[in-house]
Each structure stands twice: as structure tokens, then as C-alpha cells.
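**Student:** Quick one: this structure, given as C-alpha cells, is what I'll be asking you about.
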Amino acid sequence: ISETLCVVRTKELIVLLQEGHDFERKSKCEAKWWKQLSTLTRRSFVNMSRDVGYYWIRITIYVALSFCVGTIFYGVGSSYRAIFARGACGAFISGFMTFMSIGGFPSFIEEMKVFNKERLNGYYGVGVYILSNFLSSFPFVTVMSVATGTITYYMVKFRPEFSHFVYICLDLIGCIAVVESSMMIIASLVPNFLMGLIIGAGYIGVMMMTAGFFRRIPDLPKFFWRYPISYINYAAWGLQGAYKNDMIGMEFEPLEPGGPKLKGEFILKSVLGMEIDYSKWWDLGAVMMILIVFRVLFFLILKFKERVGPLFYSIYARQTLHRIKKRPSFRKGPSFPSKRHQSLHPLSSQEGLNSPIR
């Protein structure tokens with residue numbers, strides 16, 4: 001009986017998967033897109049605000065680590081040793097600070113589960129969901145970035161101009177938003193958060209290795225690591241912009257007392273291997289472009305899963321039904337000869353009777 005019920009349920013699943021797209025198109029929400037966007041953004045913002053582990057703990061850790069960075073690199077100055085100290089500080093802020101965005105991955109997994117259920121009922125579109133997710137998370141990302149930028153900027157005593165402080169905050173906002181977008185893409189592809197954490201950590205690790213701090217970008221192997229990885233690496237563009245924002249226009253003390261001072265442009269080009277032919281705002285623009293590309297890629301992945309997912313599930317269900325039918329309990333005859341399963345004969349042919357009973 002249980003196997004018969006399994007067959008019936010499998011057949012029902014095949015029918016539902018074949019008719020899923022038509023049902024979804026018929027049950028689409030009739031509300032305007034802006035109404036869907038405002039409602040979904042408000043609900044997502046409330047959920048993020050109430051979930052302590054989504055952003056509040058991360059904001060607390062960001063603030064705590066910013067004070068640690070500020071005390072370690074406090075008033076770093078412009079001596080010769082300060083060149084490497086400033087480089088290390090900028091690399092930590094642009095690299096390890098953005099790495100902590102992976103902490104929200106379990107919440108991303110739960111959010112994707114809710115989206116899949118609501119999308120199946122046609123409550124809203126994929127584009128509306130992606131835009132609302134970005135808008136609802138933007139205030140929290142801004143708070144993390146501004147808090148980190150403010151504490152480290154004034155404790156380390158980077159450039160005193162306000163425009164440089166604004167650039168640091170914008171650079172952090174872009175990098176953290178890119179990391180969150182990449183985590184959302186991974187969350188839409190993996191079956192559980194443990195696998196997502198492993199893949200996400202590996203991805204960010206590769207981005208950090210090719211950002212230009214651990215090894216200069218011109219020294220990277222040209223095949224694959226420099227072309228194309230370093231060019232599609234948000235961390236490389238973010239770190240270059242941060243270095244330019246801090247060092248262009250500065251002068252550092254020479255190694256030997258009495259020698260000529262070292263200009264920041266010389267340090268960037270010869271020591272750090274950074275390109276100074278274009279402005280730091282181009283680097284920030286590249287980070288924002290990567291953010292847009294990731295959001296578009298996220299949209300395409302969700303659309304692809306909607307179109308192709310039911311087909312794969314249907315194939316899997318048919319294979320399951322085929323395997324169930326091959327089980328011995330579903331065969332018409334016995335799977336092996338036995339006296340308990342003998343074919344029935346007419347009564348006239350039994351015990352020597354040659355004619356039916358009248």
C-alpha cells in the first residue's frame with residue numbers, strides 16, 4: 001500500500017511540475033510594481049531590524065574591530081615605516097572588513113527559502129525582490145561603512161580633507177554591497193548554508209589574494225590571475241582607490257635622514273604597483289559596476305532556475321517512478337519460482353475430471 005501511495009504521489013508531482021508555469025502565470029499578483037516594491041522593502045527592513053544576527057551583531061563587530069585598528073595604527077604619521085603601516089591598514093579595512101559580510105549567509109539562505117515559496121504563488125516578480133532586498137539592506141550597510149570609516153579615519157589620522165573621508169565611506173559601502181551580492185548568488189545555488197559558507201569563504205579568499213596587497217598586481221601570473229581575475233576583482237579596485245585616496249599628494253620621510261622626501265605617487269607606482277594614470281573615482285566606479293553586474297547575474301540565475309528547475313524535477317520524478325515500478329512487489333508474476341504462487345486451472349482439469357460440473 002505504501003509503495004502504491006508513493007507511485008500516486010510521484011505521478012501527482014509530475015503533473016504539478018508540468019502545469020507549474022501556467023499556474024504561476026495565472027496567479028500573478030495584480031498589484032502595481034511600486035506597491036509590491038514598497039511592501040516588500042518595508043517587510044524586509046522590519047525582518048532585518050528584528051533579527052539580531054542579520055546586521056546588529058555584524059555592526060557591533062565592525063565597530064569593535066574598527067577601534068582595534070584605530071588603536072594599533074593610531075596616529076601612524078608619515079615616516080618611512082608609516083608607508084607599510086598605511087598599506088597594511090588600508091588592506092585590512094578593504095579586505096578583512098568586507099570579509100565579515102559572510103556572517104549574514106545563514107540569513108540569506110532563510111530569505112531564499114521564503115522567496116521560493118512566495119514566488120511559486122506569484123506574489124511578486126524577481127526584479128522587485130532583488131531591488132527591495134538591496135534597498136532594505138542599504139541603510140545597514142551604510143551604518144557599517146560609515147562607522148568603520150569614521151573610527152579608523154580619525155584614529156589612524158588619514159588625510160584631513162573631508163572629501164577623502166567621504167571616499168573611504170563610499171568605497172566601503174561598495175565593497176560590502178558587492179560581497180553581500182555575491183553571497184546572495186551563492187545562496188541561490190547551494191542546498192544548505194554550510195556548503196555556502198565554504199564556497200563563499202573560498203571566493204573571498206581568492207579575491208583577497210589577488211587584490212594587490214599580498215602580491216603586487218603587475219607581479220601576478222598574467223594567465224587567469226591577472227587576466228581576468230584581477231580585473232573583475234572588487235577588492236583590487238577598492239584597494240587601489242583607497243591607496244590613491246590616502247597617498248596621492250602626501251610626502252613621506254626617506255629611509256636615510258637628509259635625503260629627498262618620497263612622494264605618494266612614487267610609492268604607489270614603484271612600491272605598491274598601482275596604476276596612477278586614472279583617478280580614484282574610476283576605481284570606485286569599477287566597484288559600483290561590479291555591484292550592478294552581480295545584481296543582474298543574481299536576477300538571471302533566479303529566472304533560469306524558474307525556467308529550468310521544473311524540468312529537472314520532472315525528469316527526476318519520472319526516473320523515481322520508473323525505479324519504483326521495477327521493484328518486485330510491482331511485478332505481475334513472482335520474482336522466483338514458488339509453490340505458493342501457482343497459476344489457477346479450471347476445476348474440470350483437476351483430479352482427472354475432463355468435463356465441467358453440470
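Just so you know, glycine gets a Cβ as well, placed from its N, Cα and C.
Below are the features listed in TrEMBL for this protein:
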- 36-245: domain 'ABC-2 type transporter transmembrane' (DOMAIN)
- 55-76: transmembrane segment (TRANSMEM)
- 88-109: transmembrane segment (TRANSMEM)
- 129-153: transmembrane segment (TRANSMEM)
- 165-187: transmembrane segment (TRANSMEM)
- 193-214: transmembrane segment (TRANSMEM)
- 281-302: transmembrane segment (TRANSMEM)
- 328-358: region 'Disordered' (REGION)
- 345-358: compositional bias 'Polar residues' (COMPBIAS)
**Student:** Do at least three CB pairs under 8 A connect the transmembrane segment (129-153) and the transmembrane segment (55-76), leaving out pairs fewer than 6 apart in sequence?
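**Tutor:** Taking Cβ pairs at least 6 residues apart, the transmembrane segment (129-153) and the transmembrane segment (55-76) are in contact, with 3 or more under 8 Å.
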**Student:** Please figure out which one of 129-153, 193-214, 281-302 racks up the most CB pairs under 8 Å against the transmembrane segment (88-109).
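**Tutor:** Stretch with maximum Cβ contacts: 193-214.
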